[in-house]
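Asks: One structure, as structure tokens, below. Some questions next.
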Amino acid sequence: MSIPNSQMELPSVAPHECPECGKRFSGRNKLTIHYRVHTGEKPFMCTKCGKSFREKHRLTEHQLIHTGEKPFMCTECGKSFRKKQSLTAHQLIHTGEKPFMCTECGKSFRQKHQLTAHQLIHTGEKPFMCTECGKSFRQKHRLTAHQLIHMGEKPFMCTECGKSFRQKQLLTQHQLIHTGEKPYACTECDKQFHKRRSLLSHQRIHTGVKPFVCMECGKSFSNKTYFQRHQRIHTGEKLFSCTECGKCLITKSQLGNHYKVHTGEKPFSCTECGKRFTTKTKLGSHYKVHTGEKPFFCTECGKSFTTKSQLNSHYTVHTGEKPFSCTECGKCFTTKRQLSGHYKVHTGEKPFACADCGRCFVLQGSLTKHQRIHLQDQLLCVGNSGNLILQSPTSNTIIPTGEKPFTCTEWGFPNRRFHLLPQNIHTGEEIQSLISPPYSPIPTLPIGHWSCQSYL
């Protein structure tokens, strides 16, 4: 089909109409450029990298990438841009102006294309579809980035660590890890972030806005990622499968952390005690053990906790809620961890094995209790400090443990189970077995050499 010539009789308001889609243009040149969208023609090619463009000015802009030239500079902050329109859009950051408002929800945007993309949220339209897997996207650049997954291409490499990325912006964000730069600061609490979207998500803590509402249970979230993760609880969808053991995880980050179980990798080390952790989050929670910080308070009883998850679990004590239900028998639990442990009753799985005798257990706690049977070291009380130390039966070496698992009524040091044990020191009474089966008995020992079994 040929492009209409200037002699064609069309309505005078728009004499140049595209024969493919009916779109009209004020001039033939604009129609010619537009028609290349349908034909796929890109006559302007970059001699450096071979990339082609439909319009000559697009090629000119592109060539600045190779020269490094950024001729348009912001007079406010000195940041430079390759395109004038990019500078114009950037300057709105300084003025705070957001001239493009959504008529549906009132949200405003600095650029028209941002508003156009946003409006698709309300219509539900996703016009850009991947031909490989059928997944659709609201924006073309999202589709382009997605298609690199199928190609396996990651053209942007970090010069510091060699890690590669599919998008330049992902590389830019990653590089902030090496520089330590956190350019996005919260005006409420001065907390800083690597990513702008992380800042926006954080600010909802202060505003209390939770725009993401689950249609199944009504629970709302301030963070879209947490919302999507929550929805998979209802659908049962688990997208990421471990190649080692077949376990399925809801998020890619969970899969990455899970793999460390198989590799034994614990890259995050506590500077206070040297204990290592698989994730930065677990290390952060652990640090509160040293600082004594418990920033999460129960509004019902005032009890405080080191982590938010501990607080959420505690709240179920007051509400009586048991939101995690076993699909096999219907039994309900207050925490997901309890449910996961319970499922092993049905599967017969016993992943926790004793290194001494090979006996397997469903729960880690059950293994810990069992291991006391094999415990060879002895805890001795020294002086009147109430401190406990380890003494090996095969040597005279004494190692302070810093642990205080018992409470002495004379000296007042902590106690959990063997409340009779410290009292016998002061009465001069010899110690017999104080542990009921299935734990092994403690032999009769003279005063000053009594022993007990430790909580591991």
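Each Cβ is built from the backbone N, Cα and C atoms, and glycine gets one as well.
As annotated in TrEMBL:
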- 16-43: domain 'C2H2-type' (DOMAIN)
- 44-71: domain 'C2H2-type' (DOMAIN)
- 72-99: domain 'C2H2-type' (DOMAIN)
- 100-127: domain 'C2H2-type' (DOMAIN)
- 156-183: domain 'C2H2-type' (DOMAIN)
- 184-211: domain 'C2H2-type' (DOMAIN)
- 212-239: domain 'C2H2-type' (DOMAIN)
- 240-267: domain 'C2H2-type' (DOMAIN)
- 268-295: domain 'C2H2-type' (DOMAIN)
- 296-323: domain 'C2H2-type' (DOMAIN)
- 324-351: domain 'C2H2-type' (DOMAIN)
- 352-379: domain 'C2H2-type' (DOMAIN)
Asks: Under an 8 Å Cβ to Cβ limit, what residues of the same chain, 6 or more beyond the ends of the domain 'C2H2-type' (100-127), are close to it?
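Replies: Tertiary neighbours of the domain 'C2H2-type' (100-127) are 89, 92-93, 136-139.
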Asks: Give me the mean pLDDT over the domain 'C2H2-type' (324-351), rounded to a whole number.
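Replies: The answer is 81, the mean pLDDT of the model over that range.
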Asks: Is it possible to list how many residues within the domain 'C2H2-type' (72-99) are helical, extended or coil according to DSSP?
Replies: 12 helix, 4 strand, 12 coil
Asks: Short question: which residues 6 or more past the ends of the domain 'C2H2-type' (296-323) have a Cβ under 8 Å from it?
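Replies: Non-local partners: 285, 288-289, 332-335.
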